[in-house]
Amino acid sequence: MQIRMTEYQVPDPESGPYGITVCANGRIWFTEQKGNRIGMLTESGDITEYTIPTESAGASIITSGIDGELWFTEYKAGKIGKITPQGKITEYALPPGAAPFGIAAGCDDAMWYTDMAGHQIGRLSSSGEITEYKLPKPGAFPSFITRGADGALWFTQNQSGSIGRITADGDISEYPLPQEQSGPVGITAGPDGALWFTEINANQIGRITVSGKISEYQLPTAHARPHAIAAGGDGALWFTEWGAGQIGRITVDGDITEYPIPTADSEPHGIAAGSAHSIWFAEECGRIGKISIQN
């Protein structure tokens, strides 16, 4: 398989692009963690930016909601943000002390998020009502969250070295990983019905079935520090290697390929699938990257 990699410079090179998602209309939305903005990139490379009302909000993960709008976390401000396709931003304040990070749409028309500081999973209803669910173990540091094929929300617990699952009713299950200090971060639903996740400390990609069976795959590059992961339209999983400045691809059979990013010290974080032949990723160095898959 051949690929072509393209990079787009954001207006402020110090803005720190972090999270990224692709809308149904093909437009790419991303957070600027240091620039305190939400950016929108068209397929032709034009970028529009929208300033977040709260200063130094710490915008992190962004995702599409069931309502067609974009939802993002503000971990420093303790808020959940929503932005319309036209750029109108609404913020929802969480209970004091919250530090939301991961966010995903559930099957119940609500947005679910992880609270790293409160060690809990939160639910924000379409009417703005907030419900919180404490995790069994304190200090778990829940990170990314995604909806699984079973309708539940699955999330990584970075400090406890485990994968968590929560139902729409708030029932929580935990699945310890073989290495307690593996540091799981990103997680996504795979094309095989399983959940795939990154292990930033163990330098591995993990897979867990909805019944809890775990498999792990070691990365070829040492100290790659895999971060985010997304299911591509080509039937494989794509992930960022924050420490190595590479984008990785793993098939459902566990075959891994790595692609170096042209820009040095790119520090890739978020990643998302576009069309069947494109993958987009955010580089903290001030760029948005695109992989075009050429069969």
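Just so it is clear, glycine is given a Cβ too, placed from its N, Cα and C backbone atoms.
Pulled from Swiss-Prot, these are the features on record:
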ACT_SITE  HIS269  active site, proton acceptor
BINDING   HIS227  substrate binding site
BINDING   GLU267, GLU284  Mg(2+) binding site
Exercise for review: List the Cα distance (Å, whole number) between HIS269 (active site, proton acceptor) and GLU284 (Mg(2+) binding site).
Suggested key: 7
Revision key, fill the gap. If you measure between the CA atoms of HIS227 (substrate binding site) and GLU267 (Mg(2+) binding site) and round to the nearest Å, you get 10
Revision key, fill the gap. Across all protein chains shown, the binding-site residues GLU267, GLU284 give the max Cβ-within-10 Å count at GLU267
**Study point:** Mapped DSSP class for HIS227 (substrate binding site), helix or strand or coil
**Key:** strand
Practice item. Taking the Cβ of the residue listed as 'substrate binding site' as the centre, count every other Cβ atom within 10 Å, in any protein chain shown. Key: 23
**Study point:** Packing count at HIS269 (active site, proton acceptor) (other Cβ atoms within 10 Å of its Cβ)
**Key:** 25
